[in-house]
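Here the structure is laid out as structure tokens; the discussion comes afterwards.
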Amino acid sequence: MNEKESNILRMQELIEELNKYSYSYYVLDNPIVADKEYDKRYDELVELEEKTGITYPYSPTNRVGDVILKQFQKYTHKSRLWSLDKAQSFEEIIDWHNRNKKAVAEYNSNHEDKLPELKYVLTKKFDGLTINCTYDESGVMIKAATRGTGVIGEDITSQAKTIKSIPLKIKNGSVVEVHGEAIMTKTAFNEYNKKAEVPLKNLRNGAAGALRNLNVRETARRNLSAFFYDVGYNEGKAFKSYMEMMNFIKEMGFPVDEYLKECNTIEEINKEIQYVGDIRSSLDYDIDGVVIVIDDYRTREYLGYTVKFPKWAIAYKFEAEEATTKLLDVEWNVGRSGRVSPTAILEPVELAGVIVKRATLNNMDDIGRKKVKIGSRVFVRRSNDVIPEIMGVTEETEGETNEIEAPTICPYCGSEIVKEGVHLFCENTLSCKPQMVKSIVHFASREAMNIEGFSEKTAEQLFEKLNIKSISDLYRITKEELMSLDKFKDKKASNLINAIEKSKKCDLASFVYSLGIPNVGKKTATDLCKQFKSFENIKKASYDELILVQDIGSIVAESIVEFFKQEKIEKSLNELFELGVTPFYEESEVVENAFTGKTVVATGTLQNYSRTAIKEKLESLGANVAGSVSKKTDYVIAGENAGSKYDKAVQLGVKILTEEEFEQLINNM
């Protein structure tokens, strides 16, 4: 073997290794090699490719995207990519199901080779760009194309190769076309927009715009992902069912979404649609519905197609989470930290089943980057049940528009506004009503000092009528003063005084949280207490000591240090302690058990625990409770309708416990 042959052999070894590493990292979310080791092999491959002048089409070096194309070429799909019929209501799903039942019954009454009972498979309907990847007899991806008309699409092979989860070579000996959806995750979207001169307006446009960009380097910058869900053209062994076909896709190394649900009844389908709708906002990518297909391929063949759609599939569409409307005005609001933030007043628009009239604009820098003006038509997005956000302006804005101007004085107290970084602040912390009211409400809230019977209306009256100017003033209020307020009689006043008095003896984590330290939530407050054991230790902790605490980074550490440096905070704390507030810390002794130090995920509906209760129970056992399943998860506790987290646990080989097994374990400790 000469040197060139030896180099080529080594290149093929490296390509196989690197593609295996990429599959484990990007598809299974289970890295099997350190980044440094991957980079070492990758650099060796680059060097050998330069030396030999050979680059194989399935080499990972093709994913860099270092090319600018002159134009898109047309590509004729080997098999048509069908659109799906769509249902906006569940009644339409029932009608579709009844048509299927009738057709199958008619066939079975006239044929001896009976069709099986109807079984459906449900998948998420991804909101991205459909792609069709073609692999030759050697298993090499030779083409990737958009759906286009369904018959003819556009060649996006170079762009698709930048999606690291798409295999460039599969172990298959026949020509096959595999259909998927290219998507942009919310994580990738947010990372891209941090640095983008012109921010992306939504995830779908982010994915579609990347794949239809002739500058492939720009495609690579957007860090797209993909899920695959269908085989179109296939010269290999025919599939008998959708589930068999999906197993083939998985075995070939394609990224497949963890949610894949088999249903036998219309009631099960309805339950699953509701489940996917419930988890929709918690996903890291956009979906706009659920796809329902018949599993059996013989039944599919018998039902056939309309001019536009297959009769054996339908898509249930969710309410839109994104819409366009007109920006009517901007209102400036003050938070408890003194930050003055813009809120958009919108022409009312329906979004995810809710009428939306207001949306966040973040800050003036964000307004400038998105080119938003009063009178503009804007994209509005709602997710995670939070206040909707304006993502950008549409191209069809008509009529007069006006620049949004930042205020120079506080809209509530008239004090001068100062700019710190990208944010505006009112520094009048003592007599600016929104700041004081919101600080008191936060201090008294259930997770903080837990003062029962305290409300925002009460806080407003305390500020306006009793001249309360700090949280310590709460502990100076008398019953007689409370009875001078609206709707306060003897009993209500007594109850609130007793609740305020009772709050003086509080656990340390609740007290730390009640102070409203920027970027410190209840979990961070709890972590601080576990680490430092006393309030005095937390207060005097240095930056270097703070960043050693689990989940505390530089921003949170700086916030804590700066907070305790302030003279007004020192004064307020001293007053609270003088008035009898005595936070205490009790270190709960955790007996070594099966869950100590383990990462646990609870999913589905549990019979004996609410979400909060199971979280508290696990934490009391010394477990770390996580919200998603990964290779670092030790246990998954699965209740009814466990769904995608259960599926991922099975895929990764994570130990799964039923609620009964969990209780048996803790009862035997």
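Cβ atoms here come from the backbone N, Cα and C positions, even for glycine.
Record features (Swiss-Prot):
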type: ACT_SITE; residues: LYS125; note: active site, N6-AMP-lysine intermediate
type: BINDING; residues: ASP35, LYS36, GLU37, TYR38, ASP39, SER83, LEU84, ARG147, GLU181, LYS317; note: NAD(+) binding site
type: BINDING; residues: CYS410, CYS413, CYS426, CYS432; note: Zn(2+) binding site
type: DOMAIN; residues: 590-669; note: domain 'BRCT'
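Positions of Swiss-Prot features highlighted on the structure.
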| residue | record | CB count, 10 Å |
| --- | --- | --- |
| ASP35 | NAD(+) binding site | 10 |
| GLU37 | NAD(+) binding site | 12 |
| ASP39 | NAD(+) binding site | 11 |
| LEU84 | NAD(+) binding site | 18 |
| LYS125 | active site, N6-AMP-lysine intermediate | 21 |
| GLU181 | NAD(+) binding site | 23 |
| CYS410 | Zn(2+) binding site | 23 |
| CYS413 | Zn(2+) binding site | 16 |
| CYS426 | Zn(2+) binding site | 26 |
| CYS432 | Zn(2+) binding site | 21 |
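Per DSSP, the secondary structure of the domain 'BRCT' (590-669) breaks down as 28 helix, 17 strand, 35 coil. Mean model confidence of the domain 'BRCT' (590-669) amounts to 83 (pLDDT, 0 to 100 scale). In the three-state DSSP reading, ASP39 (NAD(+) binding site) counts as helix.
LYS125 (active site, N6-AMP-lysine intermediate) and ASP35 (NAD(+) binding site) have their C-alpha atoms 33 Å apart, to the nearest angstrom.
With CYS426 (Zn(2+) binding site) as the anchor, the candidate binding-site residues are GLU37, ASP39, LEU84, GLU181, and the one with the nearest CA is GLU181. Between the CA atoms of CYS410 (Zn(2+) binding site) and GLU37 (NAD(+) binding site) there is a gap of 55 Å.
As a whole number, the greatest separation of Cα atoms within the NAD(+)-binding residue list ASP35, LYS36, GLU37, TYR38, ASP39, SER83, LEU84, ARG147, GLU181, LYS317 is 45 Å.
Other residues of the same chain near the Zn(2+) site, with their Cβ within 8 Å of the Cβ centroid of CYS410, CYS413, CYS426, CYS432, are VAL334, GLY338, VAL340, PRO411, TYR412, GLY414, SER415, GLU427, ASN428, SER431, LYS433, PRO434, GLN435. According to DSSP, GLU181 (NAD(+) binding site) is assigned to a strand segment. Look at CYS426 (Zn(2+) binding site): DSSP puts it in a strand.
Cα spacing between GLU181 (NAD(+) binding site) and CYS432 (Zn(2+) binding site): 51 Å, rounded to the nearest whole number.
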